[in-house]
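Marked as active site, proton acceptor by TrEMBL: Glu331, His332. Residues annotated as substrate binding site in TrEMBL: Ser241, Gln263, His266, His332, Asp365, Glu419, His424. According to TrEMBL, the feature Zn(2+) binding site maps to Gln263, His266, Asp365, His424.
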Amino acid sequence: MLKAIPYPSQEAEEKLAHIATRKMGADPSLEKRVFEILETVKREGDAAVIRFTRQFDAPSLGEDRLTVREEEIRAAYDEVDTNFLDILRTAIANIEAFHRQQLHPSHFMTKPDGTFMGQMVRPVSAAGLYIPGGKGGETPLISSVLMNGIPARLAGVKDLALATPPRKDGTINPYLLVAAKEVGVTRIHKMGSAWGIAALAYGTASVQRVDVVVGPGNIYVALAKKLVSGEVGIDLLAGPSEILVIADAHARPDYIAADLLSQAEHDPLASAVLISTDRALAEKVTDSVRDQLKRLPRCDIATEALERYGALFLVKDVEDAIRLSNRIAPEHLELQLRDPWSHLGKIEHAGAVFLGDATPEAVGDYFAGPNHVLPTAGTARFASALGVENFLKRTSVISYSKTALERDGRAIIRMAELEGLGAHAASVRIRLEG
Ligand SMILES: NC(=O)c1ccc[n+]([C@@H]2O[C@H](COP(=O)([O-])OP(=O)(O)OC[C@H]3O[C@@H](n4cnc5c(N)ncnc54)[C@H](O)[C@@H]3O)[C@@H](O)[C@H]2O)c1
Ligand SMILES: N[C@H](CO)Cc1c[nH]c[nH+]1
Ligand SMILES: [Zn+2]
């Protein structure tokens, strides 16, 4: 299943080209299909959202049931256990403590000539949080509620709308509802996929339009976010999950196999890649993957992911491994090396880096504190983890004194004239010459 390929080689280049087909928008027919869904929701509003939801997720969803009611949230609190609430609140505390460091206040500067310049930092008024639920709400990513909601709240966003696919019976998983309430979500809508993103971006009779849409999701969600971007703000393209492990002979093959599978089980389009300096280790990992797969409930999904986008590259040393990893720019990068810290500085492109064998990627998914909403499909070359800044805007503030305008006015007039913009020049001249 994971065939060892030497790198560099022609075969490795072919494999890399295949992995690159996961790039967002690489399949124009899929993008066209998602565009059509968006246009349908724009045109028909609630009717389209309900129709898609019934077709894909909840066949009997009632006409007036797109939004979760207060009594559903109260019932959810009755259903969840106190152990869950304890775990949830600890995770919230960890994630909050980490994200608090990302808060940057407004700043202002004044000069002796009386000029004043500054930057006001303001939250968006309304944010839409997409929470993956799987088809028919089978895999509600409760942890994603925390990863989306906590930075939004810290940023000061007042209106937090959440969208997630409902279960077959039209309800939402109670643990997810409780998590939403705990982080201060204001409205919860039972709608997933591209139609959920469209409703948040364009608004419908029962879904209020938001200013930014954030959160992870499958390929339909990621493409929908890409297409609505501009009409609303988006965070980043956080599509099907990925893991890349760099390992030397010191690593534990069973740990590596487990970590590769932990991301492969997310989606048939997930990707799991091992780059190893040691052929014997690589063979042991392959055996262990085969062995552990048998025990996984989501064995079919993980198998498909490994067959499509699994890869095992053999390299001569850690330097080559890091060069290759930087080319791929993975969402999650694990350094399963004898001395991982000595290599950290060479990592140029990765959504998150995990060091040492006591750090399975899953600690980042749930508990450590950094955000698990991360760039995929090579977008870690230019994008970063979801954070407080995705919910903030910066407004520049400028005030000139008469003395400063007299000093700079001629230079401004000259620049405006070079651009052929006479009215700009005149707006300054009138103040200098009266
Ligand atoms: N990059 C990140 O930060 C990150 C974080 C968490 C999860 N993820 C990814 O999020 C995704 C979660 O996917 P999921 O499927 O479990 O939940 P999801 O909510 O993203 O997708 C399920 C929705 O898609 C709909 N859908 C299924 N088939 C469809 C089709 N043919 N056309 C249109 N819509 C369709 C379902 O009916 C459902 O509404 C996974 O790919 C996972 O790897 C990424
Ligand atoms: N690994 C996912 C990001 O790619 C996040 C997640 C949530 N729950 C489990 N995993
Ligand atoms: Zn995960």
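Yeah, the Cβs are placed from backbone N, Cα and C, and that goes for glycine too.
Automatic prediction, not curation, is the source of TrEMBL annotations.
The model shown is predicted, which means the values in this text are computed figures rather than measured ones.
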Minimum Cα separation from Glu331 (active site, proton acceptor), reported as the residue among binding-site residues Ser241, Gln263, Asp365, Glu419 that achieves it: Ser241
Asp365 (substrate binding site): tally of other CB atoms within 10 A of its CB: 19
Sparsest-packed among the recorded positions, when each Cβ's other Cβ atoms within 10 Å are tallied, from His266, His332, His424: His424
Distance check against His332 (active site, proton acceptor) for the binding-site residues Ser241, His266, Glu419, keeping those with Cα within 10 Å: Ser241
Fewest Cβ neighbours within 10 Å, where candidates are the recorded positions Glu331, Glu419: Glu419
In sequence order, those recorded positions of His332, Asp365, Glu419 whose CB lies under 6 Å from ligand 3: Asp365
Pairwise Cα distance maximum in Å, substrate-binding residues per record: Ser241, Gln263, His266, His332, Asp365, Glu419, His424: 56
Of Ser241, Gln263, His266, Glu419, binding-site residues neighbouring ligand 1, Cβ under 6 A: Ser241, His266
